[in-house]
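All remarks here apply to the structure that follows.
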Amino acid sequence: MPMPPDDSALSLLPDHPLAAHNTFGIDATARFAARITHAAQFAALHRDPRVAHLPQLVLGGGSNVVFTRDFDGIVLLDEIAGRRVVREDDDAWYVEAGGGETWHAFVAWTLEHGMPGLENLALIPGTVGAAPIQNIGAYGLEMKTYFDSLVAVELATGRSERFDAARCAFGYRDSFFKREGRGRFAIVAVTFRLPKRWTPRLGYADVTRELDARGIAPEAATPRDVFDAVVAIRRAKLPDPLELGNAGSFFKNPVIDAARFDALRARVPDVVSYPQPGGQVKLAAGWLIDRCGWKGRALGAAAVHDRQALVLVNRGGATGADVLALARAIQDDVRKQFGVELEPEPVCV
């Protein structure tokens, strides 16, 4: 009788080029790479003498990383697939997706199966497994709103652990996995709780304007209408990484307290802002960058996109150092003009 396949077996790819595995399209090489299609492969890493001693980097869609050098370790390409409803009750569906699933495809799948809620997060690049790390968000919705739990493998021990929202400690574009847990875990599956009573989130003017352009009143909008509107907005504003390398929004929108905001508004009355809980105020980083005159400008092969100042792009041949030099120049100008610190979203490796 033939032996069943070993789901934990690891096939190593030596001197693996990474340009196709990061949306900036930055050239870098990993000492090794491995395609991970089963959680058991993550769990077996610490027992594999070929790689157990090496630095490890889990990579999903590569939409939140800037390679500044070659990676002298093993890059683990998370390709764990699968989408399913694990259970439902009178109030909600509980939907699980593999960490390697493409985020946008997963959002589209939930809508196609009559389970709305995630439509404001349509077309965000990356994978399901990367979404909790960053607590992705757009157009008035953060991933944590519908998050239920996730399963992650601790790379040093191979032990699987389940994390609820409290343990993930989500913040604005932040989580445990971006702080204390950074580099320690691989997220293999995420479960979302999607309420059966749909709550449309139409607080952003861009969304209501797009609906209006389509002849749809906000109160009449369906989940599919919102999904289509968000997709159209993102495609109009953001470059396709396959055509122009980028990592989406490069900087977080800074959040400041009311006193600092009042002082800023006294100097800059038209500053774009959004009230936040606890009296804080979120500023539009793209507006700050644009006001500093950076939209469309370049430093070498790295540039600020000409339609969205929050997006840095690779015009061809840019290195990670080029991107970081541009980012620092922008940060310096925003700090000098507005007294505000911009924090990058991508992880630099």
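Glycine is no exception: its Cβ is also placed from the backbone N, Cα and C atoms.
Lifted from Swiss-Prot, the feature list:
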- 24-197: domain 'FAD-binding PCMH-type' (DOMAIN)
- R173: active site (ACT_SITE)
- S249: active site, proton donor (ACT_SITE)
- E345: active site (ACT_SITE)
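Looking at the residue listed as 'active site, proton donor' and E345 (active site), their Cα atoms lie 7 Å from each other. Cα spacing between R173 (active site) and E345 (active site): 7 Å, rounded to the nearest whole number.
Within the same chain, residues at least six positions away from E345 (active site) with a Cβ under 8 Å of its Cβ are N64, Q134, R173, A247, G248, S249, F250, F251, K252. Model confidence over the domain 'FAD-binding PCMH-type' (24-197) is summarised by a mean pLDDT of 95. Taking the Cβ of S249 (active site, proton donor) as centre and 10 Å as the limit, one finds 22 other Cβ atoms among all the protein chains shown.
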